[in-house]
Amino acid sequence: MLAAPRAGCGAALLLWIVSSCLCRAWTAPSTSQKCDEPLVSGLPHGAFSSSSSISGSYSPGYAKINKRGGAGGWSPSDSDHYQWLQVDFGNRKQISAIATQGRYSSSDWVTQYRMLYSDTGRNWKPYHQDGNIWAFPGNINSDGVVRHELQHPVIARYVRVVPLDWNGEGRIGLRIEVYGCSYWADVINFDGHVVLPYRFRNKKMKTLKDVIALKFKTSESEGVILHGEGQQGDYITLELKKAKLVLSLNLGSNQLGPIYGHTSVMTGSLLDDHHWHSVIIERQGRSINLTLDRSMQHFRTNGEFDYLDLDYEITFGGIPFSGKPSSSSRKNFKGCMESINYNGINITVLARRKKLEPSNVGNLSFSCVEPYTVPVFFNATSYLEVPGRLNQDLFSVSFQFRTWNPNGLLVFSHFADNLGNVEIDLTESKVGVHINITQTKMSQIDISSGSGLNDGQWHEVRFLAKENFAILTIDGDEASAVRTNSPLQVKTGEKYFFGGFLNQMNNSSHSVLQPSFQGCMQLIQVDDQLVNLYEVAQRKPGSFANVSIDMCAIIDRCVPNHCERGGKCSQTWDSFKCTCDETGYTGATCHNSIYEPSCEAYKHLGQTSNYYWIDPDGSGPLGPLKVYCNMTEDKVWTIVSHDLQMQTTVVSYNPEKHSVIQLVYSASMDQISAITDSAEYCEQYISYFCKMSRLLNTPDGSPYTWWVGKANEKHYYWGGSGPGIQKCACGIERNCTDPKYYCNCDADYKQWRKDAGFLSYKDHLPVSQVVVGDTDRQGSEAKLSVGPLRCQGDRNYWNAASFPNPSSYLHFSTFQGETSADISFYFKTLTPWGVFLENMGKEDFIKLELKSATEVSFSFDVGNGPVEIVVRSPTPLNDDQWHRITAERNVKQASLQVDRLPQQIRKAPTEGHTRLELYSQLFVGGAGGQQGFLGCIRSLRMNGVTLDLEERAKVTSGFISGCSGHCTSYGTNCENGGKCLERYHGYSCDCSNTAYDGTFCNKDVGAFFEEGMWLRYNFQAPATNARDSSSRVENAPDQQNSHPDLAQEEIRFSFSTTKAPCILLYISSFTTDFLAVLVKPTGSLQIRYNLGGTREPYNIDTDHRNMANGQPHSVNNTRHEKTIILKLDHYPSVSYHLPSSSDTLFNSPKSLFLGKVIETGKIDQEIHKYNTPGFTGCLSRVQFNQIAPLKAALRQTNASAHVHIQGELVESNCGASPLTLSPMSSATDPWHLDHLDSASADFPYNPGQGQAIRNGVNRNSAIIGGVIAVVIFTILCTLVFLIRYMFRHKGTYHTNEAKGAESAESADAAIMNNDPNFTETIDESKKEWLI
C-alpha cells in the first residue's frame, strides 16, 4: 500500500469543523427554521392520556398551557408518585423545551417532575442531563409558566410527565406545553440475518477522508453495524460488543516490517436499551473523531498510512459470508437503523428506492419492529409482588437482570405448609440460592453460580427445585449449572417477591440476607408462566412499591469516564470510584499529581540531589517525567538526559546527503517545553571535534551543519554564540585558530580541532536533532557530543504579586473547570480577612476567601445551591508567614486543605447539576465591592496552569510585582547558623560564617590529613606594608592588630582517626595562654586549657570509649568565663569549671593549628610530646566562634588570606552524612510510593535511567551492595590519593562564570556575555574602529 503524507493539526481542525456542521445539520431540521414551535396546544383531547383523573372536568385533555377549559387542568384521583400525564404527537418530533403550569386558579401545582419519552408508548426513557435522570424544577403557583430549555434535544412521539413533588397545601395539578419541530427519517429494520451492501461503482474505493453517520437502536448486545475491507489488509468495522460500541480500523500494515495498523477504540455503554443512538465517524488521514450521542472521542490510527482502500462494497447490518473466520464468528446486527449516510450518500434512501440489493437471507423492512420484553426498574425501596400457583411440588422461576451493585435481593418466596422459604440473591457478584428448611434436620441449603454479574449486562437466572433436587443455571450455560441432591420437600407458596421483600421493609421478623435490588429485570417467569407486568401495573393481580414498569433507567456512571490519567472506574448504583494505582495521580478522580512540579519545590521540602519524578503542569495533560535535581548550588539545576551524551563519530558516504543524528530524551518535547518555559535560565553543551570537516562554513557560506531545536526549527549558530549570529564561540571571542573564520573547524585543517560551548537561548532548546555535513571527503572525520539539558530556577514557584490595598484586584480570563477544577497557591497576610479569588456565572460561582484569622472558606454553586467548605486552623493564619491552600472540585466531591491541616471533603449529590458554568472574568484579590485581600499571593495554579501574577501586576496600576519576606517562612531551612537572605524570586542561605556548605548550610566541609600535614589560621591578618611589618614585635602583640581577648569561645568539629596520640586542634596566643584538643595514647580525648592564674593547665579527660577507632566523632566545647560545657557524639552534655584561681580571659589569640602545632617559643610539654609525627585522619566542619579555618582553606572566602597549609589538602566529609531537613513520614510524603516500583512503573517517556528515590529497600540486596560499595570506595580513594600526589602541582581551577565587558576580548563577546538572548547579527560592517 502506498504511504501518504501525515495529517497534521489541520486535519484535526478540519474534523472539528466538519463535526460541528454535521451535528447541526442532523439536529436542526432546517437552517432557516428555529425548532421552537408549540407542539401541544393544537392537539385533540384524544392525544392526551393519564394514570387517572378526579373526574371528566379534570381529564388530561384540559392540560394545555394557558387554557381554562374543564377544571382548568389535569388532576389525578390520587396525589402520589405513581401518577403521570402523557401526550401523543401522532408522529416523531424533535423536542427542544418543555413548560409547565398549575391548574388554573387553584392551589394545585407540581413543584418537581420528570420527563419520559418514547417512540411507541412503551419502553420509556427518562430525560438525562449531567449524567443523571433529570428532575425539572416545577411551579411555585398555579398561574406562572416555568419553561426549561433541554440541554440536548430529544426525538420522540410520546412524552410522559411524572410528578415527583407538588404543593403541600393542594394536590397535583398540571398544564403543559412542549416545544420543538417536525422530524422525519427513513428507517430500516434488520432481522439479524439480512445484510445491506453498498457496492462501489468502480469496485474499489480509495479515500483520504471519510464521514459516516447513522442512528441505531437494538435490544441485542452483539452485532456488526457496518463493515468494509480491502485485499491489501485495510478494513473498517463498527460493531456492538457487550452493549458497547467498538470501531476497528486498519489503514494498512506491512507484513515484512514493523508497521502494524490495527486500531480499535471502544466507547459507550448499555447500548442494548432499544433506544436511538447516533454515531458519527469522521476521518482525515490518520485523525479520527468518533462521536456517540454527542460525546466525541478523538484518536489517531496506528501505522504510517493515510488512505483507506476498500474493495467492492461496504455493508451495513453485518458481514457477508466469505469463508473467512471473521465473517462467521461475528453476529449480524438485529434492530433498526435510520439516516445512514456514507460520504454524502444516503444509504437508507437508496434502500427504500430499491437501488441496493440486500442479501438473499433474511428480510429487510422499513418499519421498526419493537421487542416484546417489558422491563421493570427497581430502586433501593422497591419490590414487585406477583402471584404463584399454590401447593405445587415444582418450584420454578426465571428472569433476566442487570445491575451495577454486587449485592442485592432478587427473589424471595415462602413455601406452603410452613416448609421453609427460598431466597435468590446477588452476593459478591454471584447468584446464590438459600433454601431454609424447617421440616428436616438440615436447616439450610446453599448453592451459588456465576461471577462478575454486576457488570451492567443482562444476565439470565433459572432456578428449579423439586423433591430432593435443585438446579441453578446462569446465562443458559447448562454445562456449568449447579445442582444439589440434598433432602428437600417442596410446596410452592402463593406469593413471589422480586427485588425486595415487603416484610423486610416493615421490619418483620422474616429477614433476608441481602438489601433490596437496584437495577432492572425482564422476562420474569413464575411456575413456567410469563408474568404480565401490565396487569401487575394495574394491581390485578399482584402489587408493587416504587417500581417503574416498562422502563429500565440504569445509568453507567463510568461513561463518560471521569477517572483521569487512565484511572480505573468501578461503580455501584448511585456512585463511582476511581482506582488511581500506578497512574502517578491521586484524588477522587485521579486528578492531582503525587509529584512536585519542579526540582525547586523538592529543594524547599529539604530533599537532596537525586533523581526525582516531577510534574511540571500538575493536573494538566503532560504527565510526570524523571529528571535529575542537582541541589548543590543556591539555584537548583534540573537535568533532562538523552541517549547521545557520549561522543559519537559521524560518518557519511554520500556528498549529497547529510548525516542526521536524532536525540531521544527521557521526556516528551511538550514536557521539556514546560520545564524551559518556567525556568529562569537553560543551557545545553554541544561539541564538534573535526578534522577536515567544516561546520558553519563561515564567514559567508551556507552551513554544512546545523541543529534543530524546539518546534522543529533549524538553527545555524553553535555553542557559545547566540541566535542570528552564524558563529562559534571562538568567533565571538575572536580567538579562532584562523582569524579569517568564525569557527575553528571552518579552517578545514588536517589536524583535530574543536568548536564547543553552551547553547543558552532557552526558547530554542532543547537540541532534538543535529544534521552534519562535510564528512564524506577523503580524510574527513567528525565527532559530535551533546550534553543534557540543564535548567535553573522555577519562575512559576516564585511568581507572585503584592496586593497593597483591599480594593485592588487582578483580572484574568474565565476559569475553565466545568467538571474538574483544582486551585492551589501560597498566601501571606497580616489582615484577618479578604477574598483570594472569585469567578461568577449566570448562577454558578466559585470563591476562595479568608473569612477570619483562623478560617479559610471555599464556596461554589454548580446549580444545586451554594456549597461552602471551611477549614479552621488552631493558630492564626494572618501571621505574615507563607500558607498553602489547595482546593478541588469535581463531579464526585469537593475538598479544601490549608497547609498540613486535615483536608475537609464534601461529597457531591448523586443527582443534580455537575457542570460549573462561569462567564465573568476571574478576579484575584477580590472584586464586586467585597472585602479584598491585603497581602501577597504566589504560585497561583489553576488546573495545572500557573497564572502570571507578576506580569499582570506590572501592567495594573497600584500593584507590586513579586513579594518580600520569604525568610520569615523559610529562614529555618538555613541550618548550622546559616543566614537567610531575601531574593526577588525566593531566598538563599548565606553560609559564610559557618563551617558548612550547600544550599541549606548542611553539607560538611572537611579534609583528609596525611602524616606531617598541618593547617594554620592566623587571627591577625598578614601585614600589608613595610610599616606594619616593622612595627610587629614577636611575643609583644600590637593591641590594634591582635585578636581581642576572649571571655568565651565555642569549638565545634568532627574527626576520625586510627592513630594516637595526636593533636587535633591547638589555639596559641601572643601570651602563654593556649587551648588544645588532643587524643591521648589510649585513644581517649583530652582538652587542655591554660588561661593563666594556675601553675598547670586545666585538663578535661573523657572516659568514653576509644576515639581513635576510625569512626567519625563530633566535639562541641563551649566556655563562658569559668564554665565549660562539653558534648561528645550522642552522649549528654557535661559541665566543668575552671579552678577559682584561673583567669577568665583568653588573652590575645594568635593562631589556630589543625593536625600539628608549628609555633615558635615555649610549648607545653604534653603538646610537644604528642605533636610528632602529627595527626593522620579526617577533620570536618571545624569552627572556632565565627571562624571556619578548613572552609577558608578549601573555598575562596574573605578569610582565605589568613590560612597557610603544609601539604596537599584533600577534601572529604569524613564519612559523615550531610545533615538534611527533618524527613517527612511516609504517610505525608507525596513521593513515597511503597506500592510502585520504579523499575516497573509504566510512565510515558521513561527510559529507565536513574532511580526515583525509594524509602524501602531490600535488606539482602542492601548488605551485598554495601560490601561491594566499600570495596569500590577503597579502590577509588587509593587511586585519588595517588593521582593527587603525582599531579599535586598541576591543578587548575575552571569556572563557567560569565565574563563581563571588562574581560571580554571583543564587542561580540561582551554583548553575548551580558545578554545571551541577543539576536542581532554582528558583522564587520557594524564594528567601530579608533583611528
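These residue numbers are counts, starting from 1, taken along the chain as shown.
Heads up, the Cβ atoms here are built off N, Cα and C, so glycines get one too.
Residues annotated as domain 'Laminin G-like 3' in Swiss-Prot, with sequence analysis given as evidence: 799-963.
Taken from Swiss-Prot, the feature domain 'EGF-like 2' applies to 964-1002, supported by sequence analysis. For the domain 'EGF-like 2' (964-1002), the list of distant contacts is 600, 603-604, 606, 631-634, 636, 680, 793, 795, 797-798, 802, 828, 880-882, 936, 1052-1053, 1180-1183, 1186, 1188, 1190-1191, 1195, 1197-1198, 1218-1221: same-chain residues at least six beyond its ends, Cβ to Cβ under 8 Å.
According to Swiss-Prot, the domain 'Laminin G-like 4' annotation covers 1023-1214.
Positions annotated as N-linked glycosylation site by Swiss-Prot, on the basis of sequence analysis: ASN289 (among others). Every protein chain shown contributes to the tally, and the Cβ of ASN289 (N-linked glycosylation site) ends up with 20 other Cβ atoms within 10 Å. Under DSSP, ASN289 (N-linked glycosylation site) is assigned to a strand (E or B) in the three-state scheme.
Cβ neighbour count for ASN346 (N-linked glycosylation site) (all protein chains, 10 Å cutoff from its Cβ): 14. Per Swiss-Prot, the feature N-linked glycosylation site maps to ASN346 (among others).
Of all Cβ atoms in the protein chains displayed, 10 besides its own lie within 10 Å of the Cβ of ASN363 (N-linked glycosylation site). According to DSSP, ASN363 (N-linked glycosylation site) is assigned to coil rather than to any helix or strand. Among the features that Swiss-Prot reports, N-linked glycosylation site is placed at ASN363 (among others), with the record citing sequence analysis.
Annotation comment: Swiss-Prot describes ASN379 (among others) as N-linked glycosylation site, evidence class sequence analysis. ASN379 (N-linked glycosylation site) falls within neither a helix nor a strand when secondary structure is assigned with DSSP, and so counts as coil. When Cβ atoms from all protein chains are considered, those within 10 Å of ASN379 (N-linked glycosylation site) total 17, not counting its own.
Look at Swiss-Prot and you will find ASN436 (among others) tagged as N-linked glycosylation site, backed by sequence analysis. Neighbour density for ASN436 (N-linked glycosylation site): within 10 A of its CB lie 16 other CB atoms from the protein chains shown.
The feature N-linked glycosylation site is assigned by Swiss-Prot to ASN506 (among others), with sequence analysis given as support.
Taken from Swiss-Prot, the feature N-linked glycosylation site covers ASN507 (among others).
Long-range Cβ neighbours of ASN546 (N-linked glycosylation site) (same chain, at least 6 residues apart, Cβ-Cβ under 8 Å): HIS81, PHE378, ASN379, THR381, SER382, TYR383. The N-linked glycosylation site annotation in Swiss-Prot covers ASN546 (among others) and rests on sequence analysis.
Summarising the environment of ASN630 (N-linked glycosylation site), the number of other Cβ atoms within 10 Å of its Cβ, over all protein chains shown, is 17. Swiss-Prot lists ASN630 (among others) with the feature N-linked glycosylation site.
According to Swiss-Prot, the feature N-linked glycosylation site maps to ASN735 (among others). Around the Cβ of ASN735 (N-linked glycosylation site), a 10 Å sphere holds 13 further Cβ atoms from the protein chains shown.
According to Swiss-Prot, the feature N-linked glycosylation site maps to ASN1116 (among others). For ASN1116 (N-linked glycosylation site), the same-chain residues that are 6 or more apart in sequence and have a Cβ closer than 8 Å to its Cβ are GLU1050, ILE1051, ARG1052, LEU1126, LYS1127, LEU1128.
Just so you know, the Cβ of ASN1198 (N-linked glycosylation site) picks up 8 other Cβ atoms within 10 Å once every protein chain is counted. What Swiss-Prot records for ASN1198 (among others) is N-linked glycosylation site.
For SER1303 (among others), the entry in Swiss-Prot reads phosphoserine, with the evidence type similarity to another entry.
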Problem - Spatial neighbour of ASN436 (N-linked glycosylation site) that is closest, considering only the glycosylation sites ASN289, ASN346, ASN630, ASN735, ASN1198 and their CA atoms - result: ASN289
Practice task
Compare the C-alpha of ASN630 (N-linked glycosylation site) with the C-alpha of each of the glycosylation sites ASN289, ASN346, ASN1198, and give the closest one.
Solution key: ASN1198
Fill in the blank from the handout: Closest by Cα to ASN289 (N-linked glycosylation site), out of the glycosylation sites ASN346, ASN363, ASN735, ASN1198, is ASN346
Handout entry: Distance from ASN363 (N-linked glycosylation site) back to ASN346 (N-linked glycosylation site), taken between C-alpha atoms, in Å
Key = 20
Practice task
Determine how many residues of the domain 'EGF-like 2' (964-1002) DSSP places in helix, in strand and in coil.
Solution key: 7 helix, 12 strand, 20 coil
Completion exercise
ASN1198 (N-linked glycosylation site) sits from ASN735 (N-linked glycosylation site) (Cα to Cα, rounded, in Å) at a distance of 34
Problem - Rounded distance in angstrom between the Cα atoms of ASN363 (N-linked glycosylation site) and ASN1198 (N-linked glycosylation site) - result: 99
